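> Below is one structure. I have some questions about it.
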Amino acid sequence: MTDTAAAPATFLTDATIARQAHTLADGRDLFYFDDPGTSLSLDRAPDQRDLGPRPATARMRQDVLTGDWVSIAEARQNRVFLPPASQDPLAPSTPGNPSEVPSNYDVAVFENKTPSFGPLLTDENAPANLAELDKIGLERTRTSVGRCEVVCFSPDNEGSFATQTVVRARTVIEAWAERTHALAGMPGIEQVFPFENKGEAIGVTLRHPHGQIYAYPYVTPRTQRVLASVAAYGPTLFADILASELAGPRVVLRGEHWTAFVPFAARWPVEVHMLPNRQLPDLAATTLAERDELAVLYRRLLRGIDALYPEPTPYIAAWHQAPVRVGRADIRLMLQVTSPQRSADKLKFLAGSEAAMGAWIGDVAPEQAADAIRAAIARAQEADAASPAARTSDAAEATDDSASDELDAETRR
């Protein structure tokens, strides 16, 4: 794999969402993103904790059989595991709980205390370039340079992206887009990956509504396979996938700018992909109108997935973005939401064939899954319409086609 042109240097900012940059006591970056019309004060408290030194940057080892790079990040063993609300490290700091975020906030983004990649962005053993990483050899190591950030969706102790208002969802999307742009411009970064893990069945260690952003020093194995598929099929691969899905039975949501569908060869019992209706390499390249509609449709999708079963559905929501320096004209931004929940009381576990051989067996026909998800989305919208909070729910956003206008009216009038 060879490097090509880097990501564009410009970013379209939503001026109604205020942002502030701060520094935590150990030198980590902290960013606040405020909802339009927020009631929060512009004054933010400094971090007054006495923190020890940051952990050393981890080391990557190459699996010589596959070429994959594995980051050995031992500091992650010390991360917090399901603390009580009174000790929530992502809640606004109080005298009894000096947390990672010194002040009250709407959305906060900060460098992870125990990162898988970083905090170093470069050193003498960092990857030189993509071609150098592609070489195969015994016991090859490199420094796990990069960046890992935590994105707090709310100061509340429990919840998820789906439990936020549309306005808050829009602020989170702005944070994702801006941080994608900033991270892509840092030295040594080759791919930026925002994601949300939700539910203890997924392995979540904090109940606080949050996601993460990884900035990798390489192009991830999955993306390398997609690049190979584009090379074999042709540059219209994503456009042709979207056209095929629009003509078929698996679309679950559609708007002016975005389309969500269960993929033809879904691996998981719950799996939904969402594509922009035009070629976009990443969230940083979206227009304000595209972010506005995404806040409505993405939230609506997740609320529907939560309504599939009596209890909220565990999931991984992954934003697959084009690498920083390769494939940007052909790789299209794509959301992938997956859940192992195959019925109300059963989970899909990756056993021998899938975990060891990478040979997947689907438990649910994708067309059947699409029917169930469409019905769940409708149930969730009906429930929202009947709730006292309906004005800020999906139901208040009218139709998919007018979603951008509705959000615009709510936040910019």
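Just so it is clear, glycine is given a Cβ too, placed from its N, Cα and C backbone atoms.
Unlike curated records, TrEMBL annotations are generated automatically.
As annotated in TrEMBL:
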COMPBIAS  383-396  compositional bias 'Low complexity'
COMPBIAS  397-413  compositional bias 'Acidic residues'
DOMAIN    87-219  domain 'Galactose-1-phosphate uridyl transferase N-terminal'
DOMAIN    236-375  domain 'Galactose-1-phosphate uridyl transferase C-terminal'
REGION    82-103  region 'Disordered'
REGION    383-413  region 'Disordered'
> Can you tell me which parts of the same chain pack against the region 'Disordered' (82-103), counting only residues 6+ beyond its ends and a CB-CB cutoff under 8 A?
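That would be 22, 24, 30, 32, 43-49, 110, 113, 150, 152, 155, 157-158, 200, 205-208, 210.
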> According to DSSP, how is the domain 'Galactose-1-phosphate uridyl transferase C-terminal' (236-375) divided among helix, strand and coil residues?
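Taking the domain 'Galactose-1-phosphate uridyl transferase C-terminal' (236-375) as a whole: 48 helix, 32 strand, 60 coil.
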> If you average per-residue pLDDT over the domain 'Galactose-1-phosphate uridyl transferase C-terminal' (236-375), what number do you get?
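For the domain 'Galactose-1-phosphate uridyl transferase C-terminal' (236-375), the model's average pLDDT rounds to 97.
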> Could you give the number of helix, strand and coil residues in the region 'Disordered' (82-103) as assigned by DSSP?
3 helix, 4 strand, 15 coil
